[in-house]
Amino acid sequence: MGSSSASCLNPQIDPNLVLKSSLSASDVKAPVRFPSPARMGFEGKSQPKIVEGERGYVLEDVPHLTDYLPGLPTYPNPLQDNPAYSVVKQYFVNVDDTVAQKIVVHKSSPRGTHFRRSGPRQKVYFESDEVHACIVTCGGLCPGLNTVIREIVCGLHHMYGVNRVLGIQGGYKGFYARNTINLTPKSVNDIHKRGGTILGTSRGGHDTAKIVDSIEDRGINQVYIIGGDGTQKGASVIYEEIERRGLKVAVAGIPKTIDNDIAVIDKSFGFDTAVEEAQRAINAAHVEAESVENGIGVVKLMGRYSGFIAMYATLASRDVDCCLIPESPFYLEGHGGLFEYMEKRLKEQGHMVLVVAEGAGQDLIAESLRSMSVEDPSGNKLLLDVGLWLSEKIRCHFAKKPKMPVTLKYIDPTYMIRAIPSNASDNVYCTLLAHSAIHGAMAGYTGFTTGPVNGRHAYIPFYRITETQNKVVITDRMWARLLSSTNQPSFLNSHIIEESKKEEESPPTQLLDGENCMENGVVDASLP
């Protein structure tokens, strides 16, 4: 069938979120290329593929196999003969459909940055019988990994008739140092009910030459890489080496981080599950705290550099009296400090619950107790347990106040949360991510990661999701909602607040672009 309109695949989403780049030849300027951003530990050399149009339209496109292999043959998409898709009004997305990065704009604003919309194309660049795909999972565990694996295998088989899918065991090093397993719809049928990853995972182990040698030797021509920003940086240089060698191999990334700190996309898979499971720990801490006089429950949640899990779990719980995150500095002693607030809270209600993200307060831990130069194989700085440190500081403080004895319980559910299966919401989301990656690879796109932007799935260049990390904006409405919910002080002096506002200041057309204005893909209804 013909190409679809912008809203045909999901009528529940405002079609205005998707803009079609109907540009004439005179409208489109030559692609603008810039040096690629520095990659931590990776010597990337790829350049952005930028297309500019009238009224400020900018498409940050992703690479295509024909960029370096011109003249590749195309084939009809098998989906047009798939009975499951016979009920779909239009099989394919329009080749010119794009997704706008900004959803809130002024009437005089330029059209802004767009990304190529994901979805099935009318023509594909692989025949089903020629596809030999592989899947690898890297980095830490996250709910939903097995679901993504399952849906890639089943999606390739049921939608495109692909029967050869290889599982790379043990992360990047598995390409050259571990066994592989054949994945079939039957073998992965029930894996979404289990936590972790059936392929195993590891940090580090990235040797670009060895990995691409293995890909070439095995005849692999589609590579699906599931992992966080460090993993995606590795995927980027794998793509660059494949391009340098002139191989017909599509490289597709699926972003994974339980902390929800991947840039550009609305949220990462596993986040909803993590927030939901964190409620169990917070509820346990609340029960323990309210059952004794001056009870204090301390819960440490994940969030190395971004406090999204702690913030959303606090807002969802309504039992938390104080939430501490990496983005918002705090102090312990003195007027307006944490201890003063805790004393006030205990006098008012006789108990309290404190949630702390793992990356919070690291600057307060004595320098002699820290190892600033120590990193894990993925390049992440090793942090000390702020939960244990803070719990001990609280105990010591109240030990000096014999008239206010406290009972403190410390709960760290970190690895329990990471290891559980994904919930219903994340399971659906993982399916959409997997299918978007499959459609992109079959259509010849490469060097991309996929994810929702303003509620629409898009193909995003690797450099856009690896150049920065999403963080909670402490001058945004979402953090204000948390402060209002917990009644905790901000722990910020006026100088810090002013500096934060200056960092977030933008031209008038971008005043509403804080990371928290888009709350998990839903526009903040409180925005003007």
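Positions of Cβ are set from backbone N, Cα and C atoms, glycine also.
Automatic, uncurated: that is what TrEMBL annotation is.
Keep in mind that this is a model prediction, so the values were computed, not measured.
According to TrEMBL, the protein has these features:
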DOMAIN    134-439  domain 'Phosphofructokinase'
BINDING   G140, R203, G204, G228, D229, G230, T231  ATP binding site
BINDING   D229  Mg(2+) binding site
SITE      G230  site 'Important for substrate specificity'
BINDING   T257, I258, D259, M302, G303, R304, E358, Y415, M416, I417, R418  substrate binding site
ACT_SITE  D259  active site, proton acceptor
REGION    499-528  region 'Disordered'
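In sequence order, the binding-site residues near G228 (ATP binding site) (Cα within 10 Å of its Cα) are T257, drawn from T257, G303, M416, R418. Comparing the Cα of R418 (substrate binding site) with the Cα of every entry in G140, G204, G230, these being the binding-site residues, the smallest distance points to G140.
The Cα atom of T257 (substrate binding site) lies nearest to that of G140, taking the binding-site residues G140, R203, G204 as the candidates. Comparing C-alpha positions, M416 (substrate binding site) sits nearest to G140 among the binding-site residues G140, R203, D229, T231. Within the model, the domain 'Phosphofructokinase' (134-439) shows a mean pLDDT value of 92, rounded to a whole number. The Cβ of G303 (substrate binding site) lies under 8 Å from the Cβ of D259, I309, A310, I325, P326, A357, E358, G359, A360, each of which sits 6+ residues away along the same chain.
Residues T257, I258, D259, M302, G303, R304, E358, Y415, M416, I417, R418 are recorded as binding substrate; their most distant pair of Cα atoms lies 17 Å apart. As a whole number, the greatest separation of Cα atoms within the ATP-binding residue list G140, R203, G204, G228, D229, G230, T231 is 12 Å.
There are 29 other Cβ atoms within 10 Å of the Cβ belonging to T231 (ATP binding site). Sorted by the number of other CB atoms within 10 A, the binding-site residues G204, G228 start with G204, the lowest.
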